[in-house]
Amino acid sequence: METGNDTQLSEFFLLGFSENQPQIQPVIFGLFLFMYILTVTGNLLIIMAIIVDSHLHTPMYLFLSNLSFVDICFTSTTVPQMLVNIHTQSKAITYAGCIIQMYFLLLFSGLDIFLLTVMAYDRYVAICHPLHYMIIMSTRRCGLMILACWIIGVINSLLHTFLVLRLSFCTNLEIPHFFCELNQVVHQACSDTFLNDMVIYITAMLLAVGPFSGILYSYSRIVSSICAISSVQGKYKAFSTCASHLSVVSLFYCTLLGVYLSSAVTQNSHATATASLMYTVVTPMLNPFIYSLRNKDIKTALKILLGSVTRSRSMDSPS
């Protein structure tokens, strides 16, 4: 293929995970449409429940509402484009569209990691320093922490995007994925990618391993504090306050680790694409269920929200 700097004329082809199985495309379309609707609805309900119930206007639920918003955006970055491609029977995505999708994928995946880390710190302060919780986790400090998450996420996404823009690409590029994943896009370039690879490695160590280490440290301290509680009821109550978050963290990082292990162990691009579905689609879909099933406050708020909606509909309906 011929290389060139006129990268805006390049067109990428997202091969997905059913490249050789066109007969199951309608099934995949229906499945992902259902999962997308479920994800958006579930996370919107969490956000609305937190807004409606004044008892949930606390740091933990402020972070949770932001996580739900990010999960909606994260899924919306990939699934609608995939649904359009399946419906039109076209795997093409423009160069500009691919770059934009890659930018927002980096942004929202990074925000997921940062918010989970901040939430772990919140649980650490609540359990290990309960008397100083409201002072340490003040509204101003929580706002600054969320702002810092967004700033770091935007800077990281812009850095990788600008480095990709400097690359030269061939024409009719095929990406063995259902979205424009950074590493896949970089390695489709015809020019030298050493700088891109180095930045990807360094930022992965700083922005993925670093927060994960912070989460591990927070929970090591939490476990130590819980073990020091004498009563069984006190231990259960302390653990229940962070059980939902721990479940979400475990799901997110286990699926993320599974993606990179599958890509390292096997050269099967379909296996890697399928594994990546877990943290890009399945995890955001399951998060609302995890929080609603394991959290009494969210359950109560959802009942109030759904009850008020039902009453308003019955009042509006003609007698």
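Numbers run from 1 along the shown chain.
Glycine is no exception: its Cβ is also placed from the backbone N, Cα and C atoms.
Features of the protein shown, as given by TrEMBL:
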DOMAIN    42-291  domain 'G-protein coupled receptors family 1 profile'
TRANSMEM  27-52  transmembrane segment
TRANSMEM  59-79  transmembrane segment
TRANSMEM  99-121  transmembrane segment
TRANSMEM  142-163  transmembrane segment
TRANSMEM  198-217  transmembrane segment
TRANSMEM  238-261  transmembrane segment
TRANSMEM  273-293  transmembrane segment
*Establish whether the number of Cβ pairs under 8 Å between the transmembrane segment (238-261) and the transmembrane segment (99-121) reaches at least three, counting only pairs separated by 6 or more residues.*
yes
_Selection from 27-52, 59-79, 99-121, 142-163, 198-217, the stretch that has most Cβ pairs under 8 A to the transmembrane segment (273-293)_ = 27-52
*Would the transmembrane segment (99-121) count as touching the transmembrane segment (198-217), if touching means at least three Cβ pairs under 8 Å and pairs must be 6 or more apart in sequence?*
yes
*Residue list, the transmembrane segment (142-163) vs rest of chain: Cβ under 8 Å, 6 or more residues beyond ends.*
59, 62-63, 66, 99, 102-104, 106-108, 110-111, 114-115, 118, 182, 195-196, 199-200, 203, 207
*Please give the average pLDDT for the domain 'G-protein coupled receptors family 1 profile' (42-291) in this predicted model.*
88
